[in-house]
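Structure, as structure tokens:
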Amino acid sequence: MSTDTSPRTSARTDANERNATIAVTVFPILVIAGAVIAYLAPGSIAPTLGPWVTIMLGVIMFAMGLTLTPPDFLLVAKRPLPILIGVIAQYVIMPLAGWGIATVLGLPPELAVGVILVGCAPGGTSSNVVTYLAKGDVALSVTMTSISTLLAPILTPLLALWLAGQRMDVDGGAMALSIVKVVLIPVLAGLLLRFLLPGLVTKVLPALPWLSVAGITGVVMAVVAGSADKIASAAAIIMLAVVIHNAIGYGLGYGLAKVTGQREAACRATAVEVGMQNSGLAATLAATFVSPLAALPAAIFSVWHNLSGALLAAFFRRRPIADEAEPVTR
């Protein structure tokens, strides 16, 4: 986070926050509209957007990289405990919850793998804005998202292989390479470009949330179009799985941060970070390595976690933070 507090910088930051807030608020509406269009016209959407799913995700991750700065990573040295708690929760709670939900609900293999892949994904790109709306620790949220994303090429395929490999063949090596190509390289490229051309990147920052919204909407449309013939029979059970999965992430993420003595703002950030997943990545991996149907849980999760995130943020905003005046010591 920049330490420049000049009026011009403050105004620019406020404008960026307003753009991000509006984008996150409008996002579910746009995704639902796109999903309906894709469901009604799969023959036109699937061949048009299907081949572009990987590229769209790469653009989303490049945009995420443009929003990052070195101080986002320096926080790891200053406050290692809450970041460690958040990242461990991200890669323990959500993968195991996905596996447990798929098992208890008796989901067919393709859908089970899809739910598990959602759980194995890193934190969602919109979690930082939702944390801001929830009066949580935004700096902590940004760092947790960044670290979990950078760890994804290793942890996501390993966890998917462990938890989903018994249900369907999962090529962990190919999946890891794919994550490096569409996540790690674009994020690092965005970070490097911001370092080299900070002035130019600052000018385009307000447009980045909308770029991400457009990209994820495109991914969801491609997934829905690819499995349109099976949605009617599977939508209800997938929706149930998604709602439970998301709620477990919020609840256990907050609870784990609380029992380890974190401040309220950090607890809120951890809850949001754990509950909101990079569903775009999960959808892309499922569509690429399993089937379009396996990507459906991620597509539905993409819509739901933004709706639930907005509701959670509204709930938290009404609750004062009693310890917000205390110094950060951990």
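Cβ atoms here come from the backbone N, Cα and C positions, even for glycine.
Feature list (source: TrEMBL):
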{"type": "TRANSMEM", "residues": "20-40", "note": "transmembrane segment"}
{"type": "TRANSMEM", "residues": "52-69", "note": "transmembrane segment"}
{"type": "TRANSMEM", "residues": "81-105", "note": "transmembrane segment"}
{"type": "TRANSMEM", "residues": "111-133", "note": "transmembrane segment"}
{"type": "TRANSMEM", "residues": "140-163", "note": "transmembrane segment"}
{"type": "TRANSMEM", "residues": "175-197", "note": "transmembrane segment"}
{"type": "TRANSMEM", "residues": "204-225", "note": "transmembrane segment"}
{"type": "TRANSMEM", "residues": "231-257", "note": "transmembrane segment"}
{"type": "TRANSMEM", "residues": "269-290", "note": "transmembrane segment"}
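A Cβ distance under 8 Å defines the sequence-distant neighbours of the transmembrane segment (111-133), meaning residues of its chain 6+ beyond its ends; these are 17, 20-21, 23-24, 27, 60, 64, 90-91, 94-99, 101-103, 141-142, 144-145, 148-149, 151-152, 155-156, 159-160, 163-164, 167-168, 170, 209, 212, 234, 237-238, 241-242, 245, 268-269, 272-274, 276-282, 285-286, 290, 293-298, 301, 305-306, 309-310, 312-314, 317. Between the transmembrane segment (20-40) and the stretches 140-163, 204-225, 269-290, the greatest number of Cβ pairs separated by less than 8 Å involves 204-225.
Listed as Cβ neighbours of the transmembrane segment (81-105) (distance under 8 Å, sequence separation of 6 or more from its ends, same chain) are residues 75, 111-112, 115-123, 137, 140, 143-144, 147-148, 151, 155, 159, 163-164, 237, 240-241, 244-245, 248-249, 252-253, 256-257, 260, 262, 266, 269-270, 273-274, 277, 330.
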